[in-house]
């Protein structure tokens, strides 16, 4: 199970309804923050989302609406006496930006900060992919590893209830049971891992389409409603995002990075769903659960 909290779904500058980009992804105790617009630390703390529980932060690019909240988040972690290593992914300039800011503000983190290009553990991977914006930018693909599970329905039909047999089958061992040899390949099924992709700011481009194919959730730049000039500014409009979702055969599309010029987004959803019916437009502080 993966939960995605939409902390900030706006763009450029905050509005009454939408804060700046920030998304918290949770999976069984692992907390990943994607982008960190101004005010993110307040949103995390005010909603008891555990600022110090964040293990990994991924920044898509160096525009202020995506990164100006990062210093505050890290400073608050220090004030809360964090000890655990914080892992950060981001553009090449991010490290210099942070450490120069630390130097001028006389801040010395009480914990280790490690800059990484990707992340892997026994349950999940985080990879970057190329996006197409006006500055160096990258998206993030969070993937659960596939898991092997016992076909409990088949075991029940065959009235096999011995947990020792189940354990050996899961270990890939052939088991003799009631005069019959049970082969693991006959009783094991692969549960496909969930995948979540976040583009940050981007025009619709082939590198994004190829990287997000088949994901369970695509969080895509949808800055404008229908302006054909969106690409001129390195952004997508709603139809662009929906076409990417359709071509990439994703399961669900979340429209985000909504320009503050729009108070009513009813038309955004109508436009998106004409092209890609499984589209949503989350409000700030909404969340979804993928299973």
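Just so you know, glycine gets a Cβ as well, placed from its N, Cα and C.
Site annotation (Swiss-Prot, ligand Zn(2+) 2) includes 65, 66, 257; from 146, 151, 186, 201, the additional listed residue is 201. Listed in sequence order, 135, 201 are the same-chain residues at least 6 apart in sequence whose CB falls under 8 Å from the CB of residue 63 (Zn(2+) 1 binding site). If you take the C-beta of residue 61 (Zn(2+) 1 binding site) and look for same-chain residues 6 or more apart in sequence within under 8 angstroms, you find 67, 91, 131, 133, 135, 136, 137, 138, 200, 201.
Cα-Cα distance from residue 257 (Zn(2+) 2 binding site) to residue 65 (active site, proton acceptor): 10 Å (rounded to the nearest whole number). For the recorded positions given as 65, 201, the lowest number of other CB atoms within 10 Å of the residue's CB is seen at 65. Cβ neighbours of residue 66 (Zn(2+) 2 binding site) (same chain, under 8 Å, six or more residues apart in sequence): 20, 21, 35, 36, 37, 59, 60, 200, 201.
Counting neighbouring Cβ atoms within 10 Å of each of the binding-site residues (133, 257), the lowest count belongs to 133.
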